[in-house]
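For reference, the structure is listed below as structure tokens.
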């Protein structure tokens, strides 16, 4: 059988785009904690010595945005000019307006309610925008994620951990990982290449210090004993291939909310509708429906209805009911895909208000989603990672 290579990347919490995501979600959480019905769309731009926050907010809450910005940056580890950024002394500008009344009327008073087609409370909330959202799951890992992105995230988290714990004390917060996996058909069989790029202090030897430390303290703990049938012997290791990575963080590159949407999802292994997540409250289906589609796809795979599942949903702004649902199982289904799709429509309510209710999305839980992936981490607050509907799906699909 033909063998092919697939690659996914991850970034650490200190990557400039991820700093921006964490600031935006930190502001969102602060507002939701005081007013769960807050409407929030906050974008962050971070560059050398400066942070700019802009967007639209309608809320009864108050958030000290400059304080949130500084606390987020300091918590990540940018606390000195030697690291290229200092959260205590950077400039912060804020430009926040209110949500458009034209959008609000469609969200608060959905098409179905306005036209008299329904009086259901769940039909009262329309989608906050048009668009299509995808979810994906596969049986490659215990968390039902593709192997390349799952391993890339593990390495990024470990890279940050050894920096924070002082195991590799000369590391700085900015970093990236990339993993290439060899596939035989649809099955991952071999780790081919691992790339790690990490910001570091000055005068650190790449060959005699950084590369051995990355191999021993970052990669080895994650790949040794990984199991899952993956051959992890003799993979190629690349560490800081430019030869030096002293200038990093916002000094090296400007960061912007929503610029790591593939890192946030499935590492390019599945399709993406294009909408970013961070800084958006759950009335925005870009976020809430993408979470719901992960929930759907994961339950399809957990139910044994398919080994791989991609689910797409689409909405019209101001309408509660989706305009379409599409389920793809790539020939791995155990029952006809039409039955799976029908079971999904019976078991899951994909109206925005129902998604928010079922996944408990009005809680201030979003800061923890903003780095290391929104999917595949089975944390208590990540309700979309639950497989609580698998038995119902299996029963309705007649499996």
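Residue 1 is the first one shown; counting continues down the chain.
Any Cβ shown, glycine's included, is placed from N, Cα and C.
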- Match it up for me: which of 88-98, 99-109, 110-120 does Swiss-Prot list as region 'Flexible loop'? 99-109
- Task: Could you round the CA separation between residue 260 (ATP binding site) and residue 17 (Mg(2+) binding site) to a whole angstrom and send it over?
- Result: 7
- Item | Maximum Cα-Cα separation (Å), residues 56, 99, 253, 284 listed as binding L-methionine | 30
- Message: Please list, in sequence order, the residues in the chain of residue 43 (K(+) binding site) that are at least six apart in sequence and whose C-beta is under 8 Å away from its C-beta.
- Response: 20, 24, 53, 54, 55, 256, 257, 258, 279
- Note on the structure: One should report the C-alpha separation between residue 15 (ATP binding site) and residue 284 (L-methionine binding site), rounded to whole angstrom, as 25
- Item | Using Cα positions only, nearest of the binding-site residues to residue 253 (ATP binding site) (17, 56, 284) | 17
